[in-house]
């Protein structure tokens with residue numbers, strides 16, 4: 001099987017290139033005997049490298065899995081700002097590999113680059129975890145620590161990204177080509193394993209563990225930081241076993257200089273006195289070797305096809321931002337398991353592990369047997385179409401979620417709910433400024449009201465008059481209200497009569513699929529309510545109303561409470577995803593204090609399982625687009641340009657994240673409309689790419705190889721160095 005197809009799209013940037021592409025040459029670093037694994041041809045040193053990669057990928061994807069929700073609910077940023085910063089960080093992670101490759105190629109070599117930048121990586125995790133400690137300063141300090149930590153993490157993960165896989169390849173002798181290919185398969189398996197486990201575990205650390213009275217983001221960031229420290233220690237332990245090639249110069253730098261010289265020479269010689277040249281790169285012939293110019297020509301043909309690619313990455317990378325935010329408004333109860341919103345991302349690496357062999361061994365072979373010429377460019381175009389369909393499905397899911405969500409009060413509107421805590425029925429009449437009846441209904445004692453009533457205002461704020469009839473007593477009261485706010489009118493006994501108080505419910509918006517609750521205490525003593533490991537919630541006596549508190553979804557059969565004179569427990573029952581509850585603490589029976597439960601807002605109705613189709617579609621598109629794309633690119637460029645292609649591929653991912661950043665900040669669209677916009681953008685790009693691919697004449701492997709075979713000895717010597725570091729950038 002082609003080694004390119006064994007690797008998942010997250011890391012296709014580091015695909016190995018078979019050493020058969022160039023004639024075998026002596027390595028550029030001294031040979032030394034290397035211990036083998038159990039008498040095989042596999043060097044023992046690769047064990048340290050594979051374990052290092054597993055821990056590093058666990059660290060990166062685990063931290064990234066909870067990042068959007070950290071921005072949204074810990075730093076209290078808006079959804080658009082959270083999405084923008086998430087994608088700015090992702091983009092930076094794909095710009096910094098160019099810096100890491102330059103350091104490794106021109107200065108430190110791969111081993112020292114990995115060690116030094118891993119230290120930066122660990123420091124970034126430490127600072128990031130400190131930024132998630134609620135007891136450490138205020139929001140400004142948390143924001144500063146988070147940005148500094150993320151910047152260091154981006155430098156660390158991006159800097160070592162082009163070095164680790166290539167350094168593993170350096171451990172093999174030239175004659176062990178088959179073992180090297182299998183090593184890369186195991187290497188990419190470790191990448192997927194780290195991603196799969198971390199995207200499942202870290203959301204559990206965040207949500208299932210409470211620290212400082214809230215979700216434990218510090219632990220969710222700290223554990224990945226610990227894994228990165230382990231990665232560094234494991235990698236350093238193998239130091240004496242490694243073959244460490246010295247720095248060999250940066251081919252990317254040569255390519256950029258060659259292109260710049262050609263462009264500047266062309267503009268300097270615009271007069272008709274100079275003869276025309278067949279290709280604009282031929283203007284570099286005065287300074288650069290003919291073979292380098294030919295290789296750059298082949299490179300630019302492929303780079304031209306890269307122009308539309310960033311739009312695909314713009315869609316793919318929204319799994320960790322927009323799709324995670326969508327999951328917070330869905331119900332994660334699958335019956336046999338309860339999923340946290342940020343755990344849905346685990347579907348991507350899981351499906352990648354299934355789809356790569358499925359497509360390679362089954363689907364592509366069936367298509368071939370049907371007589372269809374399914375070329376690499378056609379596979380990439382189909383991958384784009386699948387991503388378009390994924391976002392169309394995401395838009396449909398978003399529309400359905402919005403239909404199920406409760407309506408929000410508009411301008412000059414309020415929503416009012418009446419809670420009757422008296423011991424008998426109360427008839428309530430709401431009168432406007434002109435004594436016109438706006439609402440009239442009879443409410444039984446402790447009656448669960450099915451919904452809020454909408455009342456219209458004449459101005460942004462208004463006084464409403466309430467007439468309350470209780471037994472033979474009529475009570476008149478007045479309350480002031482403001483537009484766009486939810487209110488609860490609480491009616492209580494007051495001796496032989498009744499009284500009322502108006503409570504704002506504007507804070508009853510749930511977050512992160514969690515549950516919001518508040519308490520009303522009808523006892524004559526202050527009640528201290530303990531909710532898990534959270535700080536105690538104190539509810540004042542005589543109809544005191546608590547603030548809202550958020551908790552995780554689950555059963556709460558025994559919530560410990562205490563007053564000045566006694567301890568007791570309350571059974572709150574099942575608290576479901578996204579619901580808002582009011583609990584009234586009463587003592588109306590001889591069984592002691594109890595909690596009467598009222599659902600302000602219903603739980604999220606739409607199951608999180610409805611996201612499965614969009615994840616399946618986008619992952620299938622990822623396998624067809626990403627794996628195939630880099631394999632095609634490698635087949636179309638000379639061996640000396642492999643590293644430059646990796647740099648260009650990384651840049652398309654970075655630019656794709658910048659596109660999301662811009663749209664999130666400036667589109668101003670509803671979320672479903674934004675999904676449709678991205679889908680349409682990619683559809684247009686797919687059409688352009690298909691036209692470009694139709695006119696593209698692919699080079700045969702012999703044509704690419706033949707170019708390398710015609711080199712002069714001096715150039716060929718340079719090519720050896722370039723080929724040795726083909727996976728660096």
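Cβ atoms are placed via backbone N, Cα and C, with glycine included.
In TrEMBL, annotation is done automatically, which means it is predicted and not curated.
Among the features that TrEMBL reports, compositional bias 'Pro residues' is placed at 23-32.
Positions annotated as region 'Disordered' by TrEMBL: 1-32.
Among residues of the same chain six or more beyond the transmembrane segment (58-78), those with a C-beta under 8 A of the stretch's C-beta atoms are 85-86, 89-90, 121, 125, 128, 132, 139, 142-143, 146, 153, 157, 194-195, 197-199, 201-203, 206, 214-215, 217, 220-221, 223-225, 227-228, 231, 320-321, 324-325, 328, 341-343, 345, 349, 511-512. Taken from TrEMBL, the feature transmembrane segment applies to 58-78 (among others).
Non-local neighbours of the transmembrane segment (84-104) in the same chain are 13, 64, 67-68, 71, 77, 110, 113, 117, 150-151, 153-155, 157-163, 247, 250, 252-253, 317, 320-321, 643, 647, 650-651, 653-658, 660-661, 664-665, 728-729; each lies 6+ residues outside the stretch with a CB under 8 Å from one of its CB atoms. Residues annotated as transmembrane segment in TrEMBL: 84-104 (among others).
Outside the transmembrane segment (116-137) by six or more residues, the chain places 56, 59, 63, 70, 74, 100, 103, 108, 143-146, 148-157, 159-160, 212-214, 217-218, 220-222, 224-225, 228-229, 231-232, 235 with a CB less than 8 A from a CB of the stretch. Among the features that TrEMBL reports, transmembrane segment is placed at 116-137 (among others).
Counting same-chain residues at least six beyond the ends of the transmembrane segment (143-164), those with a Cβ under 8 angstroms from any Cβ of the stretch are 13-14, 49, 52-53, 56, 60, 63, 70, 75, 89, 92-97, 99-101, 103-104, 110, 113-114, 117-118, 120-132, 136, 228, 646, 650, 727-729. The transmembrane segment annotation in TrEMBL covers 143-164 (among others).
Residues or ranges marked as transmembrane segment in TrEMBL: 185-205 (among others).
Residues or ranges marked as transmembrane segment in TrEMBL: 217-237 (among others).
Tertiary neighbourhood of the transmembrane segment (298-316): same-chain residues 255, 259, 281, 377, 383-384, 387-388, 390-391, 618, 621-622, 625, 629, 633, 636-638, 641, 644-645, 648-649, 652-653, 655-660, 663, 678-679, 681-682, 685-686, 688-689, 692-693, 696, 699, 704, 707, selected by CB-CB distance under 8 Å and a gap of 6+ residues from either end. Taken from TrEMBL, the feature transmembrane segment covers 298-316 (among others).
Annotated transmembrane segment per TrEMBL: 346-367 (among others), in sequence order.
For 379-397 (among others), the entry in TrEMBL reads transmembrane segment.
Within the chain, the transmembrane segment (647-668) has long-range Cβ neighbours (under 8 A, six or more residues past its boundaries) at 12-13, 80-81, 83-84, 87-88, 90-95, 97-98, 101, 161, 252, 303, 306, 309-318, 321, 629-630, 633, 674, 677-678, 729. For 647-668 (among others), the entry in TrEMBL reads transmembrane segment.
According to TrEMBL, the feature transmembrane segment maps to 675-697 (among others).
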Remote residues contacting the transmembrane segment (185-205) - C-beta distance under 8 A, at least 6 residues beyond either end: 3, 6-8, 10-11, 49-51, 53-59, 61-63, 65-66, 165, 168, 216, 219-220, 223-224, 227, 340-343, 345-346, 348-350, 352-353
